[in-house]
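What follows is a single structure, written as structure tokens, with notes after it.
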Amino acid sequence: MSHIKNLIPSTVNPFLQKERAEAEFNVEEFSAWWHGGQDKLKKKREIEKAIFSDLEDGYGLNHEYMSHEEVYNSTVKKVAEASVKLKALQNKLNPGGTDIWPGGLFNAQSFGLFPANHPVATHITMFVDVIKGQGTAEQVEKWGKPAENCNIIGTYAQTELAHGTNVRGLATRADFDPKTDEFVLNTPNLEAYKWWPGGLGHTANHAMVVAQLYIADVHHGVQMFIVPVRDSETHMALPGVDIGEIGKKLGMASVNQGFLGLNHVRIPRTNMLMKFAKVERDGTFKASPASRINYLTMVYTRCLIVSQNSTLLLAAATIATRYSAVRRQSPIEPNQPEPQIIDHVTQRLKLFPEIATGIAYHLATEYVWEMYAQTVQEANNGKFERLPDMHILSCALKVLCTTDGCAGIEKLRLSTGGHGYLTAANLSNIYGNAVAAYTYEGENTVLLLQIGRALVKAWASFVDKKPLSASYSYFASSMQLKEFPKWDDSWQCIIKALQYTAAHKTRIAFENLANRMASGQSQGVAANNTGIELTRAAELHGRQFVCQTFLEQITGAKAQKRSPALNKILENVLELFLVQTVLNNLNDILRFIKLSDADLRSLQKRLEDSLEQFRPNAVAICDGFEFHDRVLNSVLGSYDGNVYPRLFDSAKRSTMNQKPVQTSFESYLKPLMKAKL
């Protein structure tokens, strides 16, 4: 296929060259900042050179023309081959660490290695980490280390066919048998079958089963159990295990999500994770010192989701921005040459706010990971006070990042016109990977309602003058004001306006909930009828946090480590994000804050000015994220910008084009064309 390769020039598109030459900051400095320092950036590049340089021609596109079964099997082959590379690199660059192996199975580089996603991600991101986080030292030694090396492969089996976000409603049972010192696990009906766990279909031979624990028919809450599901040699399902794949999905072609039914499956008592809650040999149950300790698993996963979805949004933004710098269309002035479409202000509005949003969530993620590490450390020392706040915060970020990210990716796909509809643009795959997170690990509306309930509970404490955690400190500062001060266009003014609005939305939700209960509605019915107000208050609670965190990350102490030129660029990104957030939430803000026509015109002008200032640096900012071409896997977003040759190259690769005439012509099309009325 050498004639196909020759379609693509070895030079960079001149429009992209011009964009990079005119950038107002040092891209290398941006990349080093983005990736946590020059040493980490250097290592990233070394890893990518090692893992991507020898991939065969068409590696990122060939799977699109395979059958469902072929895609899965080819991906398993890719995982096995990549594991050899990743283990060798880990031993070479950071012996004893986990950042490359198994980290390379789920970080951004994994999208380049596994363009159809892969079935071992849930094993690494959840099965392994849950054992390490909630298993005893003995369990970590027995299960964690082999799992980390993929000597056993597991999955996290919580969601059931008829139950998802409502963990308390799970129907799978684990009954303790004191005679044999075993748990007996059952999915009592079809609705109780585990459904959706990644890799469960035909990959995992163990499952972390989340089930209701019963001892002598007394319920002891939801616990986690390590359950072997397939024979370690033959990979056949074990007795009492009904297992398989759930079928094709919108995206994630190779993740191999599965179903699992258990019929009197016995496991040793020591297969229940017992770092916190415990079952003794005589059947004595010792509850976890914190009722919400199992939420640590979901907090971890939600942090991971925010990290991954912000990365996916920025990958889509990089593709769309580079394409917009190459594509020319629709003269702005009559009889003038067609401009780059990035010069149309409406196109900038599609692109630049999504870049700002991705950066905002990336920085919020870094902050949340720091909080998560502190929460785990405190939990290990028997302190659990931070858990409720961490749970609510992770819920809010998961909801906002997946909601904004999915909407943003689709907006970016549309910004590329018809070409973005092609699979080879990879925007559909990016969307498929991102949108799944809208529902897994907590459906977004359900999570917003959880946050809303936490908010009204905190408001009740505020009204009763009880101490509140730092997450709700803006209640007091907002309610001390008889009315919001005169709008002064500052960033702090925007933050305070969002907090003021969030506080009053919480107040109204609290008052309406109380009024409904006072009128005779039960607490559950009243909460259901207040759902719209609760979810809106919850969203604003999350947005004020993201904005506040973004402001601190850009203008705080860390700014001293960056050059003035880079800080200027990042401050404009911050400006765009804050102004856009205000404009997107004006319907609520104007209910509580007086903004004049001049104030609103000022916000509109600030939006337009920030887009204008963003323009000369947009391509360079995307370059700063350092997405390898293999990771983007897009004919529209390649670093060299050779969009049209790559589009034609991908078309020539279609299996339909490997023969001049399809078999259906003689069988069906020709007779149809020759038929007479």
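For all residues, glycine too, the Cβ spot is worked out from N, Cα and C.
The domain 'Acyl-coenzyme A oxidase N-terminal' feature in TrEMBL is assigned to 26-153. The domain 'Acyl-CoA oxidase/dehydrogenase middle' feature in TrEMBL is assigned to 156-262. Positions annotated as FAD binding site by TrEMBL: THR159, GLY198. Residues or ranges marked as domain 'Acyl-CoA oxidase C-alpha1' in TrEMBL: 295-456. Residues or ranges marked as active site, proton acceptor by TrEMBL: GLU441. If you look up TrEMBL, you'll see 491-674 marked as domain 'Acyl-CoA oxidase C-terminal'.
In the domain 'Acyl-coenzyme A oxidase N-terminal' (26-153), the DSSP tally of helix, strand and coil residues is 86 helix, 0 strand, 42 coil. Taking the recorded positions THR159, GLY198, GLU441 in turn, the residue surrounded by the fewest other Cβ atoms inside 10 Å of its Cβ turns out to be THR159. Taking only the Cα positions, the spacing between GLY198 (FAD binding site) and GLU441 (active site, proton acceptor) is 12 angstrom. Recorded residues THR159 (FAD binding site) and GLU441 (active site, proton acceptor) have their alpha carbons 9 Å apart, per Cα-Cα distance. Taken as a whole, the domain 'Acyl-CoA oxidase C-terminal' (491-674) shows an average pLDDT of 97 in this prediction.
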